[in-house]
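Student: The structure follows.
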């Protein structure tokens, strides 16, 4: 197998390890020098889709089976069930992995999936996050493909404490990949809009996103609206909890990545999610449609 | 019902809301002025146990049924199943709620559980996190009850961006509560140690905790050991991903809280978790034992 498009992670220590237990995925790489078992199981993976809930990833796996015409009997199998934390389904060359809510949990599984694609010698794998989010000045149901990811300080960067020091890293997604994805979301009869825009990403759903309906709130409605307006002026059209971490970590790892989220609420009109469960379910399927088209095109070329 | 020991949250906006949809728990408080339904269902709750995985919370619910002598047929029911994100079981006056990995996801459910106990008019509820963690200079299997929570900058505080500004909050747990909990973990025939110590809490399991086996690592083993040694000198004996957020948010909300974690690895000896799944399972039950004794005593007094 050609090594030219394999993932070269930014960590030389991994080469010195004889084995690697991907703890939260419960996948044991027993021999890092000879990963034929892992290559056999995962070596064909081209796209890793990630999303918040296991249920949604199961639905995505079923959707992609149909869309990509990949055979499979019965329910897709959760490959990481024994780890009890994340669910991972494999549909041909696509993994569908859950990551929970927010960057702390998403970071754990992303580190381990990045090591997995390295050991499996996957060729130029693409990481796509498929999520739900709050919107900013866009109609609920709009799909936003993230360009630049902003943190809770409204800065286009990811901040992380490493060995006690504040480390600041760039947090943008792959430009050409974004263009390619957006292209598959602009079909006239979709009945919804897909836009390329900036995303704010926070570690706290309530205070971090300027909501006034959390357990704690020490600011006024007026201060909140001023903050959301400033975010809007920076080209931010949606708010979620993973983008800055995901953009910065995939940039560090040298893999292409995208973040495709559907908005469930327009935060300029209120904080509470008021759509029905049926509407929510229909909205959640919109990124499936776009990502499904994108992957189908990718695999056929 | 006496209102004297109800939870008074630090958010006057909640009083102005006619209804409140606890979105991630999928619990609808249809009328915040008359919460009799919610009081009927949750008003007797005295203790809210939280832990990473739904599976462990189910095991805890079953354990507490036996330990507290609370009747119940069949499997405990997940009250938040329709939300697809968190699991919540109720065993008499105890809730057992999953929170996922790390403070971002834990913060979401903690905000909503705090609002739930407010609306339900629970009397002086206690929040206990029961987790697994890395250890620092202690034998794997040791249970650590957190005193002061330190962030990744080795500061005893929680940092959170709110409306674009850096907000720093105290992050310590309730002293008397800690003493009470530790007391139930010092029985001679337990076969393990329970200690009161400081905890480091990070948003990243790999780089944030100074691991050298993540997808990315830009420091040496020597620099890592120096960092862990500095942490040790600050009285830190375990490392997890929720303590600073939990301590600061419960302090802000004016409720008592504790964090009780079992160590799975001694980070001074290495980064990888090498215990067997059976050992891990046995270790995970140790905090159950302590918390079970504590709750039994609490309910009998």
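Backbone N, Cα and C define each Cβ position, glycine as well.
Pulled the feature table from TrEMBL, pasting it below:
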| type | residues | note |
| --- | --- | --- |
| BINDING | A:85, A:129, A:130, A:131, A:132 | phosphate binding site |
| BINDING | A:209, A:211 | substrate binding site |
| DOMAIN | A:46-284 | domain 'Nucleoside phosphorylase' |
Student: Across all the protein chains here, work out how many other Cβ atoms are within 10 Å of the Cβ of residue A:132 (phosphate binding site).
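Tutor: There are 21 such Cβ atoms around residue A:132 (phosphate binding site).
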Student: For the C-alpha pair, I'd like the distance in angstrom between residue A:85 (phosphate binding site) and residue A:209 (substrate binding site), rounded off.
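Tutor: About 26 Å separates the two Cα atoms.
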Student: In the three-state scheme derived from DSSP, which category covers residue A:129 (phosphate binding site)?
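Tutor: Once the DSSP labels are grouped into three classes, residue A:129 (phosphate binding site) ends up as strand.
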Student: Run a quick check on A:85, A:129, A:131, A:132, A:209, A:211: which of these binding-site residues have any Cβ-Cβ distance to chain B under 8 Å?
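Tutor: Correct list, in sequence order: A:85.
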Student: In which DSSP state, out of helix, strand and coil, do we find residue A:209 (substrate binding site)?
Tutor: helix
Student: Tally every other Cβ atom lying within 10 Å of the Cβ atom of residue A:130 (phosphate binding site).
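Tutor: Other Cβ atoms within 10 Å of residue A:130 (phosphate binding site): 24.
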Student: Spatially, which candidate from the binding-site residues A:129, A:130, A:132 is nearest to residue A:211 (substrate binding site), comparing Cα atoms?
Tutor: A:132
Student: When you look at A:85, A:129, A:130, A:131, A:132, which the record names as binding phosphate, what is the longest CA to CA distance in angstrom?
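Tutor: Pairwise Cα check on A:85, A:129, A:130, A:131, A:132 gives a maximum of 20 Å.
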Student: What is the Cβ neighbour count of residue A:131 (phosphate binding site) at a 10 Å cut-off, with all protein chains included?
Tutor: 27
Student: List the residues of the same chain that sit at least 6 positions away from residue A:129 (phosphate binding site) in sequence and have their Cβ under 8 Å from its Cβ, in sequence order, or write 'none'.
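Tutor: Counting only residues 6 or more apart in sequence, the Cβ neighbours of residue A:129 (phosphate binding site) under 8 Å are A:49, A:50, A:51, A:99, A:106, A:242, A:243, A:246, A:257, A:258, A:259, A:260, A:261.
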Student: Using Cβ atoms only, which residues of the same chain lie under 8 Å from residue A:209 (substrate binding site) while being at least 6 residues apart in sequence?
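Tutor: Listed in sequence order: A:134, A:152, A:200, A:202, A:239, A:267.
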Student: On the 0 to 100 pLDDT scale, where does the domain 'Nucleoside phosphorylase' (A:46-284) sit on average?
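Tutor: A mean pLDDT of 95 is what the model gives the domain 'Nucleoside phosphorylase' (A:46-284).
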Student: Please report the DSSP secondary structure of residue A:85 (phosphate binding site), reduced to three states.
Tutor: coil
Student: Applying a 10 Å Cβ distance cut-off over all chains shown, what neighbour count does residue A:85 (phosphate binding site) have?
Tutor: 23
